[in-house]
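Working notes, structure below.
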Ligand SMILES: Nc1ncnc2c1ncn2[C@@H]1O[C@H](COP(=O)(O)OP(=O)(O)OP(=O)(O)O)[C@@H](O)[C@H]1O
């Protein structure tokens, strides 16, 4: 009796599952039923894990609604005849799984979740066209623009789309930093060939933040050869960069010319309407409701980039959950006042040099040491803190901060994240940071 309901629920669930995910359900075998339970058997742990991850909740809600009561779905490995699950089939599925895990794509970054505006429509549509026909029309492709404007999101959307629609294609997503580290490791382990095989086997190679490769000539050389191999084999290559290629320093001309050879897409800050749409979409995704007046207030005042918009939204949502209250316009104004009232870089009173001076005196080190290359613990701490405070209390972008401290963008974000993390974990550090921030602000008046 329950088996009939199960079969009906199975059919409906299969229709609603994403392409490629049905296999985890079709290979489940109905073993037995109890009063309010059914038992399904699976050929292996991998099938069971994927059933739990991708199919179980859907199947559960279908079967519960068909029977009108809650049915326990019990699961077991083996104990049924799985000879119909061909060995090849298993192997193929395993390979696809391994590939999915190795591509390191964040499933949140999809075209559906990206809201283009007039300025970014071209980039959005071009990226979609690439995803539909990788390696054909726009190869290579470079996506560039300032921080937090969606470069990684768009890049990974291409990867996620291809993985979903074309699971046999091998997609590799890496940051330029990971690419560099992989390369260095391969040299240390005298295993350059496995590095080459890994990257040159890609059907789609997505490399994020190539500005990280500035001055790293050997890695650039390796990337150049990887590029040529893939390009000649019509494999799709996409890069992101925080600035136009012409502004990259310490790059070989031949690699620069490879980057610019294909399609160059520029991402710019979203307009007001898009900022509103992005905020609404993020609220929807998190299942929270925020008054339109608050959304308008945020969109009117936070124009820098989408990451800042998201950050403000996270602040408000956290506040609303913690205090258990709806976010009114007054609460939003109060909670976001530091962010919103901060003047733009060009008109701000607080300069980076004031911050560095105060931090240097706080740590009793020289200003030149903070900006220099020394890596003793105390100087590193002072440098990280100066970078963090600059980001926190001025409107300078991470790229501008990087230029000042002569560090690349990922080093700057790493410093900011590190101090942020320490601040969260240690109330003494939080208090010291607050006091230093107040000193800097009062001295800048
Ligand atoms: N147009 C957009 N629609 C929806 N979300 C967006 C959009 N642009 C950016 N975001 C979101 O903003 C956040 C920052 O985007 P992302 O990390 O892609 O920026 P980025 O340009 O790669 O920044 P960085 O140079 O710092 O690496 C992400 O959470 C992303 O989902």
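Placement of Cβ uses the backbone N, Cα and C atoms for every residue, glycine included.
Across all of the region 'Domain I, interacts with DnaA modulators' (1-95), the predicted model scores a mean pLDDT of 79. According to TrEMBL, the feature region 'Domain I, interacts with DnaA modulators' maps to 1-95.
According to TrEMBL, the feature region 'Domain III, AAA+ region' maps to 104-320.
Positions annotated as domain 'AAA+ ATPase' by TrEMBL: 137-269.
A sphere of 10 angstroms centred on the C-beta of residue 148 (ATP binding site) encloses 20 other C-beta atoms. Residues or ranges marked as ATP binding site by TrEMBL: 148, 150, 151, 152.
Feature annotation from TrEMBL assigns region 'Domain IV, binds dsDNA' to 321-445. Each residue of the region 'Domain IV, binds dsDNA' (321-445) gets a DSSP state, and the totals for helix, strand and coil are 95 helix, 0 strand, 30 coil.
According to TrEMBL, the domain 'Chromosomal replication initiator DnaA C-terminal' annotation covers 351-419.
For residue 151 (ATP binding site), the same-chain residues 6+ apart in sequence whose C-beta sits under 8 angstroms from its C-beta are 143, 144, 145, 208, 240, 241, 242, 267. Broken down by DSSP into helix, strand and coil, the domain 'AAA+ ATPase' (137-269) contains 69 helix, 26 strand, 38 coil.
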